[in-house]
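Asker: Pasting the relevant annotations from TrEMBL:
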REGION    1-20  region 'Disordered'
COMPBIAS  10-20  compositional bias 'Polar residues'
DOMAIN    48-218  domain 'MENTAL'
TRANSMEM  55-76  transmembrane segment
TRANSMEM  96-116  transmembrane segment
TRANSMEM  123-143  transmembrane segment
TRANSMEM  149-166  transmembrane segment
REGION    202-235  region 'Disordered'
COMPBIAS  225-235  compositional bias 'Basic and acidic residues'
Amino acid sequence: MNHLPEDMENTLTGSQSSHASLRDIHSINPGQLMARIESYEGREKKGISDVRRTFCLFVTFDLLFVTLLWIIELNVNGGIENTLKKEVAHYDYYSSYFDIFLLAVFRFKVLILGYAVCRLRHWWAIALTTAVTSAFLLAKVILSKLFSQGAFGYVLPIISFILAWIETWFLDFKVLPQEAEEENRLLLVQDASERAALIPAGLSDGQFYSPPESEAGSEEEAEEKQDSEKPLLEL
């Protein structure tokens, strides 16, 4: 008999918790749910999120900025035509800036193809471009003679290195986490709308009424009372 109150208490607690969850689901406004679902679906139909589009714009800025610096360097060192022939037609790894420009083109093609065209949700493409850029620039700075050619010997390698790592940081800490969070929100809203649709519109609290817990020992007292009343009835 000692286990009876505990079992009844557990049953009562379970019924109250289920009642509360059903009431919470029923209290959700279907209009708000549909508005959220439509907003998330509208973002999916766009094909690319706002934060990913910003990342692609920054990758484009990387290419244009390095190209601008390289053109300025060509113009400063004796004119664009003459320097272009020297650095491209007669390419020299130890003194040419043409390979730094090609490195920016490589980053642009890989990142735009991976994260704008293919819409990757992984970091392997940015890891590839950053690793190649870092290794190439470190080797070029150590082996080449760029530092003897003026300010651009410092500016172009440093700018390329910084831009590559900014792209890595932006994708890993902004683009991928924010898109994953938006996807989780969409799943939660859809799940809540599906559960709310299963609840009848006329559901009331009385349909989930649970009787109050009976006091401990009430059955024993009733039996004792009946036994005491039997001799009186016989008289």
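Backbone N, Cα and C atoms are what each Cβ position is placed from, and that goes for glycine too.
Here the structure is a predicted model, which means the values were calculated and not measured.
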Asker: Ranking 55-76, 123-143, 149-166 by Cβ pairs under 8 Å to the transmembrane segment (96-116), which is first?
Answerer: 55-76
Asker: I'm checking region-level scores; what's the whole-number mean pLDDT for the domain 'MENTAL' (48-218)?
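Answerer: Mean pLDDT across the domain 'MENTAL' (48-218) comes out at 86.
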